[in-house]
Amino acid sequence: GWLFWRVMACGRRSGDSKRQVILFILCVCVCQSGAETLRYSLPEEMERDSFVANIAKDLGVPLSQLAARKARVVSEGNEQLFRLNQNTGVLTAKESLDREEICPQSDTCTLVFKIFFENPLQLIRGEVEIRDVNDNSPEFPEKEVVLEIQETTSPGSRFPLESAQDRDVGMNGLQNYSLGPNPHFSLAPGTGKDGVKYVELVLQNQLDREEQGELNLLLTAIDGGSPPRSGTARVRIVVLDANDNIPVFERETYEVRLAENSPLEQLVVRVTATDPDEGSYGKVRYAFTQTSERSRQLFQLNPVTGEIRVAGKLDFEEAKNHKMVVKATDGGGLSAHCKVQVEVLDVNDNAPEIALTSLTASIPEDAPPRTVVALFSVRDRDSGDNGRTECSIDGDLPFSLTPTFDNYYELRTNAALDRERTAEYNITITAMDCGKTRLSSRESIFVQISDVNDNPPEFTQEVYTMSVTENNSPMLRIGSMKATDADSGKNARVNYAVVRQEGEEQPEVSVSAENGDVYILRPLDYEKVPAFEVTVLAADGGSPPLTAQAVLRIVVRDENDNAPVLLHPAPDSSAAGELVPRWAPSGYLVAKVVAVDADAGQNAWLSYELAKATEPGLFRVGLQSGEVRTARAVTERDAARQRLIVLVRDRGQPPRSVTATLAVALVDGFSEAHLRVSEEEPAADPDGPLTLYLIASLVCVSALFLATAVAAVVVKVRRARRSETENLPTFPESNAGSLPRSYVYDVCFAAGTVNSEFRFLRPLFPCFPAGLPPGPGEQRSSVCS
């Protein structure tokens with residue numbers, strides 16, 4: 001850690017950013033290859049929040065980096081014993097530490113902790129040694145010890161005494177024994193192979209029960225603390241009559257191996273001691289001596305049979321060996337001792353423990369593979385294969401586990417993430433040991449995938465077609481466009497807009513930016529714009545935003561808002577004059593009413609009917625052609641002047657109509673018609689306009705004939721496919737109406753007349769050259785003079 005900060009400081013002083021980056025990478029590599037261990041020492045029984053060390057100073061870490069990198073301390077095990085102040089960098093003890101409670105079975109007490117840094121991730125191992133202080137006095141298991149000794153006991157005989165127990169260690173532990181002054185006994189302290197101090201009472205002078213039947217001695221145990229502490233016990237010596245045989249054990253040491261999951265009352269071993277004496281001197285009773293209190297709780301000794309059975313739950317992780325001393329005493333007070341050593345065998349009775357150290361609850365979906373999501377440790381209190389662990393992830397998930405050091409694992413991504421496919425992961429980590437009967441534990445980690453704007457909006461259709469009736473009201477809603485975005489939050493919020501190209505006029509349509517509703521801004525006119533298209537843009541709320549386009553096609557439905565318009569006779573003329581000879585047969589063509597309608601469809605389909613006539617039965621009008629013909633042959637009884645009103649009506653709802661007025665004169669011949677017209681009109685010059693009009697008419701008819709012939713040759717193939725008997729009018733897409741067909745008349749000029757005479761006789765049927773059919777609606781003329 002201090003190396004990292006020294007390197008970064010050098011990089012800043014040099015001012016070379018490239019060198020600083022290189023030094024930082026070198027430092028990370030060094031930190032990854034191995035971790036430094038911080039070692040401290042602390043006396044026990046210190047007050048709460050006592051100072052342990054200045055971590056920031058020891059690591060050379062600036063105080064600002066502790067909070068910025070979320071520095072924290074984690075102790076091994078379930079209890080957290082230390083606290084790290086991120087503002088001062090000081091490591092303190094959370095509670096007063098008692099070495100005897102923390103490490104009851106160990107001469108040295110070392111607490112291991114780890115300091116974690118994030119951004120980048122760094123782990124530093126630390127150790128705190130809890131130093132023993134002399135806070136416990138030696139204590140004897142019993143305040144009074146009774147020894148029954150035969151008076152015949154030879155000087156030099158040794159009598160083991162119950163050892164005092166001192167929970168302190170080292171120099172603060174039990175160091176020496178002392179015995180009050182007396183004429184018969186002295187002390188012989190010693191140290192066993194296991195380092196435990198014991199004491200024996202040595203008979204110095206022969207006992208005489210008759211002289212003194214009981215002795216009271218004061219035994220003192222002293223530790224090596226400063227100041228020293230001590231504990232006392234009273235030793236009462238009862239002098240017995242002679243018993244010349246002591247019990248003898250079959251073996252001096254009994255060694256037993258016992259599994260830690262042994263049930264209660266299971267037989268551990270049976271110790272046997274024999275005494276050849278008779279009577280009460282030969283009866284042996286067994287008892288524990290020089291045995292720890294914990295061993296007495298775990299094992300029970302039958303005082304009669306010498307059977308040692310399991311009395312408590314053994315735990316290999318707590319103590320791997322138990323040493324006991326069994327004393328066999330006969331009825332005469334003589335005793336012997338043997339040692340019982342029980343080795344506890346480990347069984348796989350502890351499942352692995354998973355401790356989560358660091359977790360990133362949410363990661364973006366564009367996070368690269370190998371991104372660290374969590375850091376955790378696995379611990380198994382068993383030993384050997386029972387304590388070795390393996391970790392795995394349940395299911396096929398885009399995550400993997402990477403072991404780091406000291407049973408720590410990193411949870412990393414191993415593939416690209418897609419929030420639209422999976423928005424969150426519930427990752428189950430399984431830790432399993434390698435025991436014969438494998439035990440496991442599980443830990444669930446919940447990881448959310450945060451959204452990134454990686455999906456553009458999508459319209460439900462590429463082309464939207466909507467229709468509206470012309471003459472609509474302004475701001476009329478005609479439909480809605482919909483675009484969806486697979487992202488979430490503001491990245492999925494879609495706004496709509498109509499795309500305008502440079503130079504284009506304001507569009508007739510508007511799209512709501514929020515919901516995509518389509519509105520027509522102003523009234524439309526089908527006759528001007530029957531349909532139009534605009535491009536609609538959908539943009540999400542990401543940064544930068546993603547877009548999509550769709551085509552909106554507006555079809556304007558026609559409304560019957562245009563009345564038919566007369567082309568012939570002209571609407572501004574009061575009445576059109578037509579001449580019909582008296583000999584005209586039934587079906588004689590009198591005139592043709594021509595009208596058009598600016599609407600479309602059936603709104604432009606026109607029908608013609610005779611609304612009013614001087615003689616209704618004399619004339620008829622073609623329903624679709626508008627041709628006015630005689631319904632019967634003209635007779636002498638028919639009035640010479642006929643007035644016809646033709647109604648032209650479309651098929652809209654409601655229908656619209658217009659009327660045309662025709663004035664028809666029934667004449668016997670051309671001269672009569674001419675004279676009648678002359679009577680009504682002012683006299684004209686004999687060489688006046690009529691001759692000029694007649695010449696112009698002949699020129700026009702001739703030109704029309706030539707043009708029609710040329711056109712028929714050019715389009716004869718297309719024209720041949722159509723029926724020459726087609727009677728229905730053709731309605732164009734716009735400005736539709738019935739158009740006049742070509743009619744020809746037989747024109748005769750009478751020789752010797754002053755004024756030219758123009759006589760309407762009858763329509764002539766066209767004569768077509770062989771092999772050249774007429775075009776639809778075409779009639780060819782012939783002229784005679």
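Note that Cβ sites are derived from N, Cα and C of the backbone, with glycine treated the same way.
Sequence annotations record features per position, and here TrEMBL assigns signal peptide to 1-35. If you look up TrEMBL, you'll see 78-140, 141-249, 250-354, 355-459, 460-566, 580-684 marked as domain 'Cadherin'. Residues or ranges marked as transmembrane segment by TrEMBL: 692-715.
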How many of the residues that make up the domain 'Cadherin' (250-354) does DSSP mark as helix, as strand and as coil? 10 helix, 47 strand, 48 coil
Counting Cβ pairs under 8 Å that are 6 or more apart in sequence, does the total for the domain 'Cadherin' (78-140) and the domain 'Cadherin' (580-684) reach three or more? no
Let me know the model's mean pLDDT on the domain 'Cadherin' (250-354). 87
Could you tell me how many residues in the domain 'Cadherin' (355-459) are helical, how many are strand and how many are coil under DSSP? 3 helix, 55 strand, 47 coil
Using DSSP, how many residues in the domain 'Cadherin' (460-566) fall into helix, strand and coil? 4 helix, 50 strand, 53 coil
